Every structure is written in structure tokens, then in C-alpha cells.
Amino acid sequence: MFDNTHAHITTWVVALILFAVALFLHNSGNKKAMKIVQMILRLFYLLIIATGFMLFSKHSSYDPALYGIKFLGGIVVIAMMEMVLVRTSKGKNTGVFWALLLISFIVTFYLGAKLPLGWNWFS
Ligand code: HEM
């Protein structure tokens with residue numbers, strides 16, 4: 001888990017799927033099931049951060065600035081997923097948070113794939 005990205009990728013892919021399922025449940029009016037999925041999703045937020053932090057702690061000295069932005073970007077993605085879901089369930093406006101989610105996801109994904117471990121698509 002310190003040297004390859006498999007566990008980290010698994011956690012954020014599962015989180016994205018749970019995020020979509022929670023929105024789907026909301027749209028189909030199933031509030032209670034949505035709450036349960038949201039709770040499981042919060043556990044996955046912690047797992048994303050834990051696996052990301054393990055990679056970060058061992059490899060960030062290679063390029064502290066980019067690893068730092070990757071770390072922050074990942075946290076923003078998680079925060080925006082949470083904001084979109086909480087505001088959706090309260091019936092509040094989510095436009096800005098969707099935009100921030102999309103931008104932070106693209107930045108985080110790009111940096112993850114650019115940094116040296118695992119996928120190396122942009123270097
Ligand atoms: C939902 C949020 C996140 C997404 C979508 C995401 C996405 C990615 C992607 C696409 C990679 C590249 C995988 C590979 O090259 O095999 C990666 C690697 C990494 N992520 Fe995340 N990540 C997220 C959250 C985080 C967080 C919160 C942290 C820090 C606590 C973090 C730290 C790292 C580190 C250190 C790497 C290794 C970079 C490398 O050397 O290649 N990530 N992430």
C-alpha cells in the first residue's frame with residue numbers, strides 16, 4: 001500500500017460509484033437508503049485519505065509541491081462530494097459545488113496520473 005496505487009485507486013473508484021448510487025437513490029425518492037449509502041461513502045472517504053496518505057508519506061519528497069497539491073486536490077474532491085450530497089438531500093442549490101467537484105477531480109486525476117507511481121500518462 002506504500003509502494004503501489006492499487007488500494008488507493010480501489011477506494012476512490014468505489015467512492016465514485018457510491019456517490020452515484022446515493023444520487024440515484026435520492027432521485028428515486030429512497031431517502032433512507034440514500035442515508036445508509038452516504039454513511040458507507042464516508043467510511044470510504046477515510047480509506048481514500050488513509051491510502052493516499054500512505055503513498056504521500058513515503059514518496060512526497062520526490063516532488064513535495066506536486067504531491068502537496070495532489071493531497072489538497074484529493075481532499076477538495078472529497079469535500080465537494082460531501083457538499084453535493086448534503087445539499088442535494090436538503091433540496092439546496094448544488095451548481096457551484098458540482099463545478100468545483102469537476103475541476104478538483106480533473107486536477108487531482110491529472111496529478112495522480114502524472115506523478116511517478118502507477119499510471120504515468122503525462123510525464
Ligand atoms: C477522490 C479523491 C481522489 C482521487 C480521485 C485520486 C486520484 C488518484 C489517481 C488517479 C492517482 C494515480 C494512480 C496511479 O498512478 O496509479 C492517485 C495517486 C495518488 N494519490 Fe490520490 N486521489 C484522491 C485522493 C487523494 C488524497 C486525499 C490523497 C492524500 C491524502 C491522495 C494522495 C495520492 C498519492 C500520494 C498518490 C501517488 C502519486 C504517485 O506517485 O503517482 N489522493 N490518486
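Glycine too: its Cβ is placed from the backbone N, Cα and C atoms.
What TrEMBL annotates here:
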{"type": "TRANSMEM", "residues": "6-25", "note": "transmembrane segment"}
{"type": "TRANSMEM", "residues": "37-56", "note": "transmembrane segment"}
{"type": "TRANSMEM", "residues": "68-86", "note": "transmembrane segment"}
{"type": "TRANSMEM", "residues": "95-113", "note": "transmembrane segment"}
**Message:** For the transmembrane segment (95-113), give me same-chain residues lying six or more residues beyond its boundaries with a C-beta closer than 8 angstroms to one of its C-beta atoms, as numbers and ranges.
**Reply:** 5, 66, 69-70, 73-74, 76-77, 80-81, 83-84, 87, 119-122
**Message:** Which residues of the chain, 6 or more past the ends of the transmembrane segment (37-56), have a CB below 8 A from one of its CBs?
**Reply:** 1-2, 5, 7-8, 11-12, 14-15, 18-19, 21-22, 25, 67, 70-71, 74-75, 78, 81-82, 85, 89, 117
**Message:** For the transmembrane segment (68-86), give me same-chain residues lying six or more residues beyond its boundaries with a C-beta closer than 8 angstroms to one of its C-beta atoms, as numbers and ranges.
**Reply:** 12, 15, 19, 22-23, 26, 38, 41-42, 45, 48-49, 52-53, 56, 60, 94, 97-98, 100-101, 104-105, 107-108, 111-112, 115
